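A short worksheet on the structure shown next.
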């Protein structure tokens, strides 16, 4: 690596860890900025502008260690970071405006308390993102996509207190000048289920090295689904997945058995306002810390960390990278953006590998913190079962489901009157197109505006109690909640109580929706509804025109529906009545002949 590229890398890492370190220097009376991802990006840009290149490389890891010591105890970032003892240097981060200082203090620690979620921001795509796991993933990626070798024998112990990981300073070309002195007060203590007689005289040390092939899967023959199978411990864990997802997934599922339909993952919430958000209230006041915002931030951190670990030098400034990721796409790739985090995350966190990562992370935590109340006394087989359950639930209940924006996110007006509950599970999905709006919406602002427009039309012109559809699918990667899973809609006349009405925004008479929108309707939405007991396993899919005289959902889309496995071809389409030319001219411009009016 050239000296210039090395300096660039050190500056980028320094900026990130200065952001952590500023938590230790609160300023009284700081002004408040809206809790937007754009505000975080502006703060990063300010840090990048003020940080001298000669200092950034030396203070990066130390700032993260300092911030780690100021919050809830999590030994993994401290254990993984390279750098000298904090006592060897005095740190002097650049001064920021009171507004940016206050923002950094407010968002860099994630937490859930009294039904409120803290440390989260609203992103341009409409999603809410926890900043802490995002920053952890960026830092792990800047270190290089590294693999941590666990002891080959599950009963082996870690080095005694004060032991130095050998050759650590040569593990990454970006950090060759960094001497390692990785200490932990707990690493020399035996795991609760380790016998003294089992400890090999030659202790296996942890080795951290860059992974040239991405995430490594170890022990591929392990069978962790059966409690009667003696599990073999994984031999490596990936540091990127460890600090973003694996630790929190493992600890979450250690807390108690979860049902198949309610894993406690991904609780959504509502902002006090969308233009200047300040307070985020969870829809479930008893939600676990693994909220939708946390999982979004963790996935974003893992994806961007993976990108940073592979992108050639010089690496982009973090503010530039985040601006692209939460905008049009990283490096001009519209697929690599926050709208499609779940699809991209599914490729990065394949279930067998994620099981190994969660299991290995729990093993590492058990060695680092033998007195951990959740890990104490847990056998390897028990940890394997927890990891298997965690990976399965995360993959099926989160990655395999569409991202659904709740009503409050698009600014829905309240329901008029009292909604009528559905008798679940239902047996049908009824597919519509909106016709008006005719153009597919490809960003949150336009999709949300379309939702509000349709709701106003359904309320004020049609005289309905709410927007008619159960769900509406945009071309921005998101599904928008209409009446939702539990309330009778107004979408398919005489059939509203028998099925969910799902509309795709756009006119699909001659063109097809995006592949992402089709996948959400064909695969993701029904899969998750069946899994949650909302839709019958033998459900059927019908086009609107099969039940009502209408051209909906458009010829192109309907012909596509006919090729889908769940399509019920036994119900023949009903031909739409055509109005005379005179009556057509009398129709309001906002209500075309083929528009979806039940």
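Just so you know, glycine gets a Cβ as well, placed from its N, Cα and C.
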Revision key, fill the gap. Per Swiss-Prot, the region 'Disordered' among 124-145, 146-167, 212-233 spans residues 212-233
Practice item. Could you tell me which of the ranges 34-56, 57-79, 80-102, 172-194 is annotated in Swiss-Prot as region 'Disordered'? Key: 172-194
Exercise for review: Go through the recorded positions 441, 447, 469 and tell me which ones have a CA within 10 A of the CA of residue 432 (Zn(2+) binding site).
Suggested key: 469
Check your understanding: Any idea which of the recorded positions 441, 447, 552 has the thinnest Cβ neighbourhood at 10 Å?
Key -> 441
Study note, to complete from the structure: Other C-beta atoms within 10 angstroms of the C-beta of residue 432 (Zn(2+) binding site) total 27
Review point. Can you tell me how far the Cα of residue 552 (Zn(2+) binding site) sits from the Cα of residue 441 (disulfide bond), in Å?
Key: 18
**Study point:** Three-state composition of the domain 'N-acetylmuramoyl-L-alanine amidase' (428-554), taking helix and strand from DSSP
**Key:** 38 helix, 28 strand, 61 coil
Exercise for review: Would you mind reading off the Cα separation of residue 447 (disulfide bond) from residue 544 (Zn(2+) binding site), to the nearest angstrom?
Suggested key: 22
